[in-house]
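Features of the protein shown, as given by Swiss-Prot:
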- 27-30: region 'Involved in metalloproteinase-binding' (REGION)
- 27-152: domain 'NTR' (DOMAIN)
- Cys27-Cys98: disulfide bond (DISULFID)
- Cys27: Zn(2+) binding site (BINDING)
- Cys29-Cys127: disulfide bond (DISULFID)
- Cys39-Cys152: disulfide bond (DISULFID)
- Cys154-Cys201: disulfide bond (DISULFID)
- Cys159-Cys164: disulfide bond (DISULFID)
- Cys172-Cys193: disulfide bond (DISULFID)
Amino acid sequence: MGATARSLRLALGLLLLGTLPRGADACSCSPVHPQQAFCNADVVIRAKAVSEKEVDSGNDIYGNPIKRIQYEIKQIKMFKGPEKDIEFIYTAPSSAVCGVSLDVGGKKEYLIAGKAEGDGKMHITLCDFIVPWDTLSTTQKKSLNHRYQMGCECKITRCPMIPCYISSPDECLWMDWVTEKSINGHQAKFFACIKRSDGSCAWYRGAAPPKQEFLDIEDP
């Protein structure tokens with residue numbers, strides 16, 4: 001093979017390499033309804049971040065230190081989790097690897113859902129449900145106390161486009177993306193998927209506890 005041909009193949013190879021997706025440089029998450037985020041999480045708290053620092057968290061398979069961001073927090077209320085208050089939250093150092101950035105100083109309150117690490121610690125990623133507390137609707141805030149838990153045996157199925165259907169009675173169809181082009185639409189803000197007496201699940205709207213008539217009804 002001549003030098004010109006080798007150069008062309010090398011240039012083509014570099015061009016193709018440059019067009020490949022760089023999965024390691026991006027964080028991708030599937031949208032979930034706030035109730036799903038609650039049910040999937042080990043810990044759900046209302047808290048403020050007091051301080052942050054970078055810490056070592058062991059080594060990778062090559063012996064290189066693994067860095068994480070440690071947030072010292074002030075827990076205001078625990079909606080789900082261990083008996084011991086959460087004192088520290090850990091996350092990756094960059095959003096490219098799903099790390100979360102919280103405002104520190106103790107002024108901004110968050111709803112934080114994530115995975116327990118034991119001994120007053122938890123881990124969070126961009127795929128967890130972490131939002132400023134004051135952006136939640138009244139219904140969402142009240143649902144954190146009991147309502148969301150009532151539907152953790154239900155399945156919320158996101159509808160990406162019409163037509164879409166449920167495949168079993170214990171599903172609720174989440175339509176926000178179709179109707180509002182947003183995952184933070186009406187159903188996310190004002191509805192919870194509740195399991196009823198007959199084992200089926202249905203959307204329930206409002207901040208008040210579901211009445212017995214709703215739980216006993218056979219059809220949505």
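Cβ coordinates are placed from backbone N, Cα and C, and glycine is handled just like the others.
A map of Swiss-Prot features onto the structure.
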residue	record	contacts (Cβ under 8 Å, 6+ apart)
Cys29	disulfide bond	Cys98, Thr125, Leu126, Cys127
Cys39	disulfide bond	Tyr148, Gln149, Gly151, Cys152
Cys154	disulfide bond	Asp170, Glu171, Cys172, Cys193, Ile194, Lys195, Cys201
Cys159	disulfide bond	Leu173, Trp174, Met175, Trp177, Val178
Cys164	disulfide bond	Thr157, Leu173, Val178
Same-chain residues at least 6 beyond the ends of the region 'Involved in metalloproteinase-binding' (27-30) whose Cβ lies under 8 Å from its Cβ atoms: 95-98, 125-127
In the chain carrying Cys27 (disulfide bond), residues 6 or more apart in sequence that have Cβ under 8 angstroms from it: Ser95, Ala96, Val97, Cys98, Thr125, Leu126, Cys127
The one of Cys127, Cys201 whose CB sees the fewest other CB atoms within 10 Å, among these disulfide-bonded residues: Cys127
Residue among disulfide-bonded residues Cys98, Cys152, Cys172, Cys193 with least C-beta crowding, 10 angstrom cut-off: Cys152
Secondary structure content of the region 'Involved in metalloproteinase-binding' (27-30), with strand meaning DSSP E or B: 0 helix, 0 strand, 4 coil
